[in-house]
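Reading through the structure tokens given below for one structure.
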Amino acid sequence: MCSSTPRYGTGSSPPNNVRRRSQSLFFATDLGLLQDKWIMGCCIVVNSTVFVLENSCPYTVWPGILSGNSTTLGDGGVPLTPGASVQLTAPPGWLGRFWARTGCSFDASGHGTCVTGDCGGVLNCNRGGFPPATLAEFTVGSGDSGMDFYDVSLVDGYNVKMGIEPLGGTGDCHYAGCLADINEICPSDLRIMDPNIDGVVAACMSACAAFDSPEFCCTGAHATPQTCSPSQYSMVFKKACPSAHSYAYDDATSIFTCSRSNYLITFCPTRS
């Protein structure tokens, strides 16, 4: 007789590491998917989550991938030409982040540089991307915890539009994303200019990255929700992208949950 090990989530609180901080290496969100595999005529349910990365930008992006545990997805980075996509499978308990690197040039050995999101000058990332970069953050549930937490974060700044769409699953399973071009409205003191194109804003820094002060980074005397409020800068992000995580304690309207789902992560999504 075939046996199965489905994962059912009952909790609704995000894990402890879901707290957003600009200087954190990776953030939390839970993912889970039910996939069927036939082995010797027997259906065995395997707990895993499929991520589909899709490039809807009119230019090539090099997604960076950072895992918060021992499982590396896609060797840490892949190139995606316009319209291309790649599928990656994560095991239970996986957590990490995805982001788009832009303006990259790599040699045959996988060494090079990117204008935004660079992860140490290599194609296959083994560290986080250099901010500013829009992030898609996940934590994959494991064991009896089948609740997935996910968000699009601007805590490390913004470089491209990004969306997360659950594919199937149960629970709230809302679309999360930043569909506005924040580079067009970026405050002048947060702008990163494209070194290759005169007058073009390549990315928009977070206030924490730009000024490195406790009131913007939610550190020191400002390390609690009560002492770290939205700033005039984070409110620019929040107004443009209401469902995105705009600063460290912007949890209530930006962290989403879903159980047993796949996820489509789109760079430069066009949906409204």
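Please read every residue number as a count from 1 along the shown chain.
Placement of Cβ uses the backbone N, Cα and C atoms for every residue, glycine included.
So that you can see what the record holds, here are the features copied from TrEMBL:
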- CYS57-CYS268: disulfide bond (DISULFID)
- CYS104-CYS114: disulfide bond (DISULFID)
- CYS119-CYS125: disulfide bond (DISULFID)
- CYS173-CYS258: disulfide bond (DISULFID)
- CYS178-CYS241: disulfide bond (DISULFID)
- CYS186-CYS204: disulfide bond (DISULFID)
- CYS208-CYS217: disulfide bond (DISULFID)
- CYS218-CYS228: disulfide bond (DISULFID)
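Location within the structure of each feature annotated in TrEMBL.
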residue	record	Cβ within 10 Å
CYS57	disulfide bond	19
CYS104	disulfide bond	20
CYS114	disulfide bond	24
CYS186	disulfide bond	22
CYS208	disulfide bond	26
CYS218	disulfide bond	23
CYS228	disulfide bond	20
CYS241	disulfide bond	23
CYS258	disulfide bond	29
CYS268	disulfide bond	19
> Far apart in sequence but close in space: which same-chain residues, 6 or more away, have a Cβ under 8 Å from CYS119 (disulfide bond)?
Replying inline: GLY64, LEU66, GLY76, GLY77, ARG101, CYS125, ASN126, ARG127, GLY128, GLY129, PHE130
> Could you tell me the C-alpha distance between CYS218 (disulfide bond) and CYS57 (disulfide bond) in angstrom, no decimals?
Replying inline: 33
> Which one, from the disulfide-bonded residues CYS125, CYS178, CYS204, CYS217, has the smallest tally of other C-beta atoms lying within 10 Å of its C-beta?
Replying inline: CYS217
>> Helix, strand or coil by DSSP: which one applies to CYS204 (disulfide bond)?
In response: strand
>> Going by DSSP, is CYS217 (disulfide bond) sitting in a helix, a strand, or coil?
In response: helix
> Using C-alpha atoms, which one of the disulfide-bonded residues CYS186, CYS204, CYS208, CYS241 comes nearest to CYS173 (disulfide bond)?
Replying inline: CYS241
> Tell me, which disulfide-bonded residues from CYS57, CYS104, CYS204, CYS228 are within 10 Å of CYS217 (disulfide bond) if we use the C-alpha atoms?
Replying inline: CYS228
